[in-house]
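Worksheet: the structure to be examined is printed underneath.
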Amino acid sequence: MSRSSQRELMSSGSQNTHQEPDMPQDVPEVQPPPADKPKAGRGWRFWAVFISLSISAFLSALEGAVVSTALPSISRAVNAGEDYIWMVNVFFLTSAAVQPLYSQLADIWGRRWPMITALGIFALGSGICGGSNSASMLIGGRTIQGLGAAGINVLVEIIICDLLPLRERGQFMGLMFFFIVLGSVAGPFLGGILIDRASWRWVFYINLPFCGLCLVLLFLFLNVQRPKNDESTKESLKKIDFIGLFILCGSISSLLYALTYGGTRYEWSTPAIIISFIIGIVGIVAFFVYQVSPLCKHPAMPKALFGNRTSVVAFLATFMQLMLSYAPLYFLPVYFQSVKRSSPSRSGVQIIPFSVTYCVSGLIGGIVVSKLGRFKAVHIASFALQIISVGTFTLLDRNSSMAVWVILQLVFGWSIGMPNPSLLTAIQADIPDSLNAASTGAFAFVRSVATIFAVSVPAAVFGNRFDQLLATTEAVNDPELQAGLERGQAYEKASRAFINSFPEDIQDAIITLYEESLKRVWYVSLAFAGAGFLFVLLEKNLVTREDKDTSEFELMDNPNATDGNGAKDSRAEAV
């Protein structure tokens, strides 16, 4: 059956369904699955795999966030000095850089062993971090952790896409997203408890028993078939895009260096920062150009992923969504601790409305998309709510009532969480299931790059605006005070104790500086929300497929299954 015929069947009975033009010639043709393929069930084996994948995703998200609270204690314990920031950044750097590699490994050697290996690498890195007695050792452990987390983040979603048709992925992605957000939200809270009640080493050691459980479950139950591969290891390795990986690692490293030290250790106008930033941006662009060029024989991100409008705008909307998601996580606590003068523990309680709705709305959004069989309406409504909620964030000041900031957080958390489980669905809606690994790897990469920008861009906007206002505020004219607030230091000084240490007139002036600087952050976030809304308007109103169009990867209840003649199935092998 051709792709156009299949689309007509899916959209029959709906006069409003638009038709995409034919895909380019290099897009793999969707083939009907063979009649003898194993049936994908929802039995105990499926749920054992899904639970282990959920725990793995939770641990990866937890480890990305838990260090934030524990970082000062860890830094003091290992005498990290000014290198403390790399305990965080190197995790995200390695995670972003090698995600496309894992998607290629999954297509070459299957899903099972890359997933088990990634989880093992993550556990190894956790053990090294927990046993570290120097900053260099801990940064090395975080590097290994990031390498493992990259595989977990990509392969968890690839396996879910393999096991489920497009129509059902939304609700399961929503459930997976719930665990991921739970890990991100619980991370700082858990880190604080472990520091207070145990030791900073348990921030990392806590992963080990859960990793062990997941490794056992995956080894026993994750038996996924794939097309039989008779190629030698040498021939298989030739299909990995090492040149693209080299370009990607170099460009992300350069970009992260500029975003880490620009405005803090060095001025943004410093030649080293400017050159690093330019190299990073040009390198990422060069990576994508290389991927679609004839020079790249086996691209990690094939041209077919960008062969239709819906996939392209869904990638762009994903980037904007991530750019918007991190602003409240980092700057609502600044608002509460500086403008409202709450304690750190109270500010953690005050952002619960956002955290709860962020978790729950993703689960609901996935279910809604699965039931409707469409995603565009959910995306349009969500990004419209983002514009409204972020726009009203600009009204927050020292006089805002609890009812106001609670309602704003509820609306914003709902708008951010709802589209998350179905963004990958939109990307995959008009490409064949044979590109699941490549599309999921590209999706994870876009999110990782967006995360790097999402943390650093609002921080740079906040810091630069604060410095501008500080230079023109007469009430804050003490050179020592100005030196303690400029060049990015205002963010870390955002606390009730710091502000209350000054006379009342200076307190009011400092609070005003924070109010106005935060408004600039919300205005920039509003631009991201507006861009995302325009992108999702360009999505086609496609109907999601109810059946998988490939049998290359299936969960096998019996990895030693035989064909009708009693011989082992030569079509596939359990991996």
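A Cβ is built for glycine as well, from the same backbone N, Cα and C atoms used for every other residue.
The compositional bias 'Polar residues' annotation in TrEMBL covers 1-18.
Under the heading compositional bias 'Basic and acidic residues', TrEMBL lists 566-575.
Taken from TrEMBL, the feature domain 'Major facilitator superfamily (MFS) profile' covers 49-544.
Look at TrEMBL and you will find 1-39 (among others) tagged as region 'Disordered'.
TrEMBL lists 553-575 (among others) with the feature region 'Disordered'.
Long-range contacts of the transmembrane segment (46-72) within the same chain: residues 40, 84, 87-88, 91-92, 95, 119, 122, 126, 145, 149, 152-153, 156, 159-160, 163, 172, 175-176, 179-192, 194-195, 200, 203-204, 207, 210-211, 213-214, 217-218, 220-222, 555, each at least 6 residues beyond the stretch ends and with a Cβ under 8 Å from a Cβ of the stretch. Residues or ranges marked as transmembrane segment by TrEMBL: 46-72 (among others).
The transmembrane segment feature in TrEMBL is assigned to 115-138 (among others).
Taken from TrEMBL, the feature transmembrane segment applies to 144-165 (among others).
According to TrEMBL, the transmembrane segment annotation covers 172-190 (among others).
Per TrEMBL, the feature transmembrane segment maps to 242-262 (among others).
Per TrEMBL, transmembrane segment is recorded for 268-290 (among others). Note on the transmembrane segment (268-290): residues 243-244, 247-248, 250-259, 261-262, 296, 299, 301, 449, 460, 464 of its chain, located 6 or more positions outside it, place their CB under 8 angstroms from a CB of the stretch.
Through the fold, the transmembrane segment (311-331) approaches residues 184, 305, 351, 354, 379, 383, 386, 390, 409, 412, 416, 419-420, 423, 426-431, 439, 442-443, 446-447, 449-451, 453-455, 457-459, 462, 518, 521-522, 525, 528-529, 531-532, 535-536, 538-539 of its own chain, all at least 6 residues removed from its boundaries and within a Cβ separation under 8 Å. According to TrEMBL, the transmembrane segment annotation covers 311-331 (among others).
Annotation source TrEMBL lists transmembrane segment at 351-370 (among others).
Taken from TrEMBL, the feature transmembrane segment applies to 377-396 (among others). Beyond the ends of the transmembrane segment (377-396), by six or more residues, the same chain brings 317, 324, 327, 335, 339, 365, 368-369, 404-405, 408, 411-412, 414-416, 418-419, 422-423, 426, 515, 518-519, 522-523, 525-526, 529-530, 532-533, 536-537, 539, 541 to within a C-beta distance below 8 angstroms of the stretch.
Beyond the transmembrane segment (402-420), the same-chain residues lying 6 or more positions past its ends with a Cβ under 8 Å from any Cβ of the stretch are 174, 177, 181, 317, 321, 324-325, 328, 332, 350-351, 353-362, 364-365, 368, 375, 378-379, 381-386, 388-390, 392-393, 395-396, 536. Residues or ranges marked as transmembrane segment in TrEMBL: 402-420 (among others).
Counting only same-chain residues 6+ beyond the ends of the transmembrane segment (441-462), those with a CB under 8 A from a CB of the stretch are 92, 95-96, 99-100, 102-104, 106, 150, 153-154, 157-158, 252, 255-256, 259-260, 262-263, 268, 284, 300-301, 305, 315, 318-327, 330-331, 334, 423-424, 427, 488, 490-491, 517-518, 520-521, 524-525. Marked as transmembrane segment by TrEMBL: 441-462 (among others).
With a threshold of 8 Å between CB atoms, the same-chain residues lying at least 6 positions outside the transmembrane segment (115-138) that come near it are 56, 59-60, 63, 74-75, 78-81, 83-84, 87, 102, 144-152, 155-156, 159, 201-205, 207-208, 211-212, 214-215, 218-219, 222. Counted as Cβ pairs under 8 Å, contacts with the transmembrane segment (351-370) are highest for 172-190 among 144-165, 172-190, 242-262. Outside the transmembrane segment (144-165) by six or more residues, the chain places 40, 46, 49-50, 53, 56-57, 59-60, 63-64, 90-99, 101-103, 106, 111, 114-115, 117-126, 128-129, 172-173, 176, 222, 224, 424, 428, 433, 436-437, 440-441, 443-444, 448, 545-548, 553-555 with a CB less than 8 A from a CB of the stretch. Averaged over the domain 'Major facilitator superfamily (MFS) profile' (49-544), the predicted model reaches a pLDDT of 87.
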